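Visitor: Shown below is the structure under consideration.
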Amino acid sequence: MRTTMSISLRLLAIACLITLGSCDSLLSRIKRQQASTSEPKKEESFEIEICKDKDAGEWFRLTAQDGDSCRDVIQCTSSGLQAIRCPAGLYFDIEKQTCDWKAAVKNCKLKNKERKVKPLLFTDEPLCQDGELSCGDKSCIERGLFCNGEKNCPDGSDENSCDNDNDPNRAPPCDPAVCVLPDCFCSEDGTGIPNDLPAKEVPQMITITFDDAINNNNIELYKEIFNGKRRNPNGCDIKATFFVSHKYTNYSAVQETHRKGHEIAVHSITHNDDEQFWSNATVEDWAKEMAGMRIITEKYANLTDNSVVGLRSPYLRVGGNNQFTMMEEQAFLYDSSITAPLSNPPLWPYTMYFRMPHRCHGNLQHCPTRSHAVWEMVMNELDRREDPSFDEYLPGCAMVDSCSNILSGDQFYNFLNHNFDRHYDQNRAPMGLYFHAAWLKNNPEYLDAFLFWIDEVLANHNDVYFVTMTQVIQWIQKPRIINEVKNFEPWREKCVVEGPQACLVPHSCKLTSKEVPGETINLQTCVRCPNNYPWLNDPTGDGFF
């Protein structure tokens, strides 16, 4: 007689073979537990016992310890227990529910995902009075305290069900009657054009952005791309947006980039390499990182026009309501960290007064749920297929350098053309090309293809503009058709910039900071050297913490 347990063991073995790993130790543990009794009911009760508190599809460990056992996990299914083993060099991350590099997995000693108590939001009979909601333990707190980033329930359950579908204080769906330009823009599915203009009357905007430090590693690359010879149809130089992180940035180069009419935005002070930090950071953490970076940039790049209004979070890790609350408090205009899954037609930017018109995309992402007075320059995923008419479906990619299947200049050129057509031939949503400079610098073939493509687009179209993120928002707020946009004033600011740069020989300041112990860091700036290397608690570098 084949018992449930014997079927489960067979499935375990098959799963181990599929994953190219040996599950002998895992199977033997199950067998030992099985051998303790031969009665079918007890075998079934073992499986019921081990699976009773597991979610559908959840992987978990039988033993929790470092080493090879961190590769093994099992899952409860309708057919019994199934096992997998991560390939050599990888461990299984219980929280992420996926195999990852050994060094990245810090939870080998956890058997299960953390069990979070859920609030009792929907009950047959009300548990609380009007204006209050029930925690998981049936205690009642004010409705507005749910999903505010702080645990107010005794069991913390008020922060455990906070996605766009469950947050009781979530932003409402788009209401075009309430959401009107210039302060608010939304559409039901995110694809609507501002003022319902016909697509053929809309200029195709393209935003080129670069992340991280500006310094001697990439200054010449930027000069080659933005050489003063590439002009939009209105006669102005093409422009880009730079999301600048602090460490190793040459602020005299930032000042010159801004003088040329490009947009400077912030990408944090520390660029903390713990992705979970950004997902869980407090409002104060976000303010120190982003508002602090704006202080540093404005002071040491001598930016006095209040033009630093945008940010992008490191690793594109969205910080939920805390990030956007900080942005409101610190008067940031827009974020460009949220990725929208590949869609046709692509999405237009939107304001966060109403709920996002797409799902929160990405593994363990923490998207905002509440209403915020902030624009989202949404990052539409790009279609990486070379020939969409024949190639099988592939998931999209947000940063160009994350499109791992681009292996030649020709492929990159075809990729750019295909994605341009997706925008231009449909709803003309702004096309975003997001880079890290090293990807172009280290691959001259890609750079040549990129420059050839830009020149070709400008030569063949009188309705395509390479503009900054803020310039896109300015157009959305006051839409102009193609015939009018050549004289659109916000796009003519710093149209063609000549003359010498602010300082030919910047100060080279070798600085230390108590916050960055053991390091002497070079800061280049046209203004006077500070006393200390600027950092989180001392962004001016004056030594006042």
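Counting begins at 1 with the first residue displayed.
Any Cβ shown, glycine's included, is placed from N, Cα and C.
Unlike curated entries, TrEMBL annotations are predicted automatically.
Grabbed the feature section from TrEMBL, which reads as follows:
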| type | residues | note |
| --- | --- | --- |
| SIGNAL | 1-23 | signal peptide |
| DOMAIN | 48-110 | domain 'Chitin-binding type-2' |
| DISULFID | Cys128-Cys140 | disulfide bond |
| DISULFID | Cys135-Cys153 | disulfide bond |
| DISULFID | Cys147-Cys162 | disulfide bond |
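Let's see these features in context: how buried, what's close, how far.
Guide: The Cβ of Cys140 (disulfide bond) lies under 8 Å from the Cβ of Leu127, Cys128, Gln129, Glu132, Leu133, Ser134, each of these being in the same chain and 6 or more residues away along the sequence.
Cβ contacts within 10 Å of Cys135 (disulfide bond), excluding its own Cβ and spanning all protein chains shown: 26.
Within the same chain, the residues at least 6 positions away from Cys147 (disulfide bond) whose Cβ sits under 8 Å from its Cβ are Asp158, Glu159, Ser161, Cys162, Asp167, Pro168, Asn169, Arg170, Asn321, Thr369, Arg370, listed in sequence order.
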Visitor: Using other CB atoms within 10 angstroms as the count, which residue among the disulfide-bonded residues Cys153, Cys162 scores least?
Guide: Cys153
Visitor: What is the total of other Cβ atoms whose distance to the Cβ of Cys128 (disulfide bond) is within 10 Å?
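Guide: Result for Cys128 (disulfide bond): 17 neighbouring Cβ atoms inside 10 Å.
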Visitor: Going by DSSP, how much of the domain 'Chitin-binding type-2' (48-110) is helix, how much is strand and how much is coil, in residues?
Guide: 11 helix, 22 strand, 30 coil
Visitor: Along the domain 'Chitin-binding type-2' (48-110), what average pLDDT does this model show?
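Guide: That stretch averages a pLDDT of 87.
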